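Structure first, then comments.
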Amino acid sequence: MSRHFHFHFHFQTRERCLNCLAELFEQAKVIFLFILSLQTMAQTGFGRRYFKAFVSGFFVAVPVTVTVLDRLAYVARVEGASMQPSLNPDGGSSPDVVLLNRWSVRNYQVHRGDIVSVLSPKDPQQKIIKRVIGIEGDFIKTLGYKNRYVRVPDGHLWIEGDHHGHSFDSNTFGPVSLGLVHGRASHIIWPPSRWQRIEPSVPPERRPLLNWEGATEDGYDD
């Protein structure tokens, strides 16, 4: 591949810049999906040679694209059962691979119901994937935490796995800092039978009891 990609970002207006980034993110998703498909082909001799040739040419020709993709999004395999049945519903036989959007959390814009990748408060070398149950100001009824009720402090989140009892989450280590959020899971991209957009949602029984404005759980529309 000898074609050169030139990215012309125009900053005259904020809207134009955001449109450029949105288009680039959509291209990123296509590239990730294509590479995963090629990895499947690599199980055969011909597929393996084709895959190596493609990857070699791709990464030499468009290093700028790779750098941008790393800043905007990346893919990760989901391990374990803590997010069942939302993720890995079949157990470890065919783990889900998710697209993690880094750009969307750059300004700590995280909402209730989002599934996020977080640096573990207990081990900074490990990333965990959980659902956001509460944001700052929310009052949470905990599940086995040292305090039965917790108000989420400013600049923090309450995160939980969907598979209660099989999850290492805020019910163990408490609220987590927004600064530990690494990305938001936007799509399941592997296996092909699981391709789908991940919509934010909070189970009715886990919605916050109250937020700082005094709204009850009936006022949430997650």
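A Cβ is built for glycine as well, from the same backbone N, Cα and C atoms used for every other residue.
According to TrEMBL:
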| type | residues | note |
| --- | --- | --- |
| DOMAIN | 54-141 | domain 'Peptidase S26' |
| ACT_SITE | Ser82 | active site |
| ACT_SITE | Lys130 | active site |
| DOMAIN | 147-190 | domain 'Peptidase S26' |
Residues in the domain 'Peptidase S26' (147-190) grouped by DSSP into helix, strand and remaining coil: 7 helix, 20 strand, 17 coil
Spatial separation of Lys130 (active site) from Ser82 (active site) - C-alpha basis, Å: 8
Packing count at Ser82 (active site) (other Cβ atoms within 10 Å of its Cβ): 23
Overall pLDDT of the domain 'Peptidase S26' (54-141), taken as the mean: 83
Cβ neighbours of Lys130 (active site) where a neighbour is any other Cβ within 10 Å: 24
